[in-house]
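Per TrEMBL, the feature compositional bias 'Basic and acidic residues' maps to 24-52. Residues or ranges marked as domain 'Major facilitator superfamily (MFS) profile' by TrEMBL: 73-463. If you look up TrEMBL, you'll see 1-64 marked as region 'Disordered'. As annotated by TrEMBL, transmembrane segment applies to 78-98, 110-130, 137-158, 164-190, 197-218, 238-256, 277-299, 305-326, 338-361, 367-392, 404-425, 431-457.
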Amino acid sequence: MESRSDFARNGAPAPPEGIAEATIKSEHASEKDCDDKKEADEEEPVKGKDEEVPTSTAQATDFPEGGWRGWGTVAGAFLIQFCGFGYTGSFGVYQAYYVQTYLANESASAISWIGGMNAFLVISSGLVTGRLYDKGYFYYLLIGGSILYSFSLFMLSLAQPDHYYQVFLCQGLGMGLGAGTVYVSSVAVVSHYFVKWRALAMTIVASGSSLGAVIHPIMLNNTLNGWLGFGNAVRASAGLVTGLLLIACLLMRPRLPPSKHTITIAQAARKFSRDPAYIFATIGLSLFTIAFYYPLFYIQLDASVHGLSSTFSFYSLVILNSASFVGRLAPGFLAHSFGVANMITIAVLGCSILLFVMIAVKSVASVVVVGIIYGFFAGNYITLMAPLMAVLSDNMSELGVRMGLAFAFSGIGGLVGGAISGALLTSKYIWWRPAVFSGALGMFATASFAAMTFCLARKARTAKRRPEAEP
């Protein structure tokens with residue numbers, strides 16, 4: 001009987017040696033607790049909400065490691081990320097267009113609340129949708145979220161100029177809820193099919209959002225600022241997204257039954273409050289998320305205001321997101337050697353330095369350099385968020401709740417970060433203020449992640465010194 005949450009199957013790259021040893025011991029302890037129930041579970045078939053599944057959940061050797069359904073699910077999850085988080089990462093195009101054209105009567109800070117609310121709901125919805133996914137409501141989340149997302153994007157095309165509330169309801173609330181509903185389930189279901197190739201599969205899925213954040217800005221910049229106009233441009237984008245989401249819904253299939261042994265949110269809050277490594281990680285995620293979206297929301301506007309050509313300004317966000325695509329692939333190859341905790345600390349440090357450098361972004365060369373380097377480290381960070389939660393989990397059955405709580409707090413940072421940067425920027429475009437603010441928060445986040453790494457290393461040393469329990 002598999003006692004782990006489906007989130008535990010996300011296939012995180014291997015942590016440092018000491019941390020991996022402690023994690024493996026905790027997994028064995030969890031498996032041992034379920035041995036007494038194994039025989040009874042094998043006699044009673046277990047059914048999920050969506051479909052009937054074989055009686056015993058798979059051991060490592062039972063995973064198909066792909067197959068048509070497995071790789072089809074990977075392709076579907078890739079498309080979900082392409083349409084969801086990839087579109088959220090393209091908000092910088094809308095930010096520049098709204099500030100200069102469509103919502104010109106609103107401040108940059110007010111407009112940033114639209115993208116901030118979208119990002120907040122995408123990340124923080126996991127606190128609720130993760131629990132629903134664990135209980136077997138995969139298809140409800142996938143289909144319902146896809147319909148809501150597509151409907152909201154089509155409704156955005158009907159929003160009138162200078163009607164802020166219409167844009168906020170469609171793009172901030174509707175699209176944010178839709179993308180958040182499908183985000184966690186699309187990532188978690190991939191782990192039903194892989195153990196050996198899980199890291200590769202998850203890397204492919206994660207790259208979908210970066211590729212989306214490259215393609216969507218190109219399409220939007222050439223249609224919004226072309227002869228189509230806002231309404232037709234958004235409808236064209238909505239048509240593409242709807243078609244891809246339909247394909248994703250047809251491709252994705254769960255394979256394993258819902259987990260029976262999950263920790264409640266109340267139990268998790270009490271337990272995790274006594275885990276210093278988890279607390280430092282949550283603080284680091286929350287602080288850095290406030291700073292993280294500043295370049296994503298403002299680099300295109302920055303290039304435009306500094307007099308760079310409109311063609312280059314349109315592609316400034318594409319440059320950043322292209323580098324992020326490469327950055328998301330790197331952890332799949334490097335995390336095994338350097339460790340998840342160490343890599344995410346380095347990634348946040350690199351991003352923080354580049355946030356300070358944003359002060360000097362005034363030329364084509366500076367935009368390219370900052371975009372490439374920041375995008376690479378940002379891609380590292382996004383890919384390592386979920387694997388970090390696996391490293392921090394003593395028992396894999398609590399992984400889903402750990403992710404939900406930590407991401408909920410970090411989502412608050414996404415909600416307010418862009419708006420704070422816009423308020424500091426002001427209508428006079430004082431660029432050094434948001435750059436210094438974001439860079440300073442990034443450095444505080446780096447210190448928090450460094451403290452987390454220290455706590456994990458100390459915990460691993462303690463576990464190695466602890467004598468083995470008698471059988």
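The backbone N, Cα and C atoms fix where each Cβ goes, and this holds for glycine too.
Over the domain 'Major facilitator superfamily (MFS) profile' (73-463) the predicted model carries a mean pLDDT of 87. For the transmembrane segment (78-98), same-chain residues at least 6 beyond its ends with a Cβ under 8 Å from one of its own Cβ atoms are 104, 106, 108, 111-112, 114-115, 118-119, 122, 142, 149, 167, 171, 175-176, 178-179, 182-183, 186-187, 204-213, 215-217, 220-221, 224-225, 230, 241, 244-245, 247-248, 251-252, 296-301, 304, 313-314, 317, 321, 324, 418.
Sequence-distant residue pairs (6 or more apart) of the transmembrane segment (164-190) and the transmembrane segment (110-130) include at least 3 whose Cβ atoms are under 8 Å, placing the two stretches in contact.
Here the transmembrane segment (431-457) does not lie next to the transmembrane segment (238-256) in space: the count of CB pairs under 8 Å, restricted to residues six or more apart, is fewer than 3. Across the candidate stretches 137-158, 197-218, 277-299, 305-326, 404-425, the maximum count of CB pairs under 8 A to the transmembrane segment (338-361) is reached by 277-299. Below 8 angstroms of C-beta separation, residues 48-50, 80, 83-84, 129, 166-167, 170-171, 173-175, 177-182, 184-186, 189, 230-235, 237-238, 241-242, 245-246, 248-249, 252, 254 of the same chain, each at least six residues beyond the ends of the transmembrane segment (137-158), sit close to that stretch. Per-stretch counts of Cβ pairs under 8 Å to the transmembrane segment (277-299) identify 404-425 as the leading one among 110-130, 197-218, 238-256, 305-326, 404-425. Using the rule of three or more Cβ pairs under 8 Å, pairs at least 6 apart in sequence, the transmembrane segment (197-218) is not in contact with the transmembrane segment (404-425).
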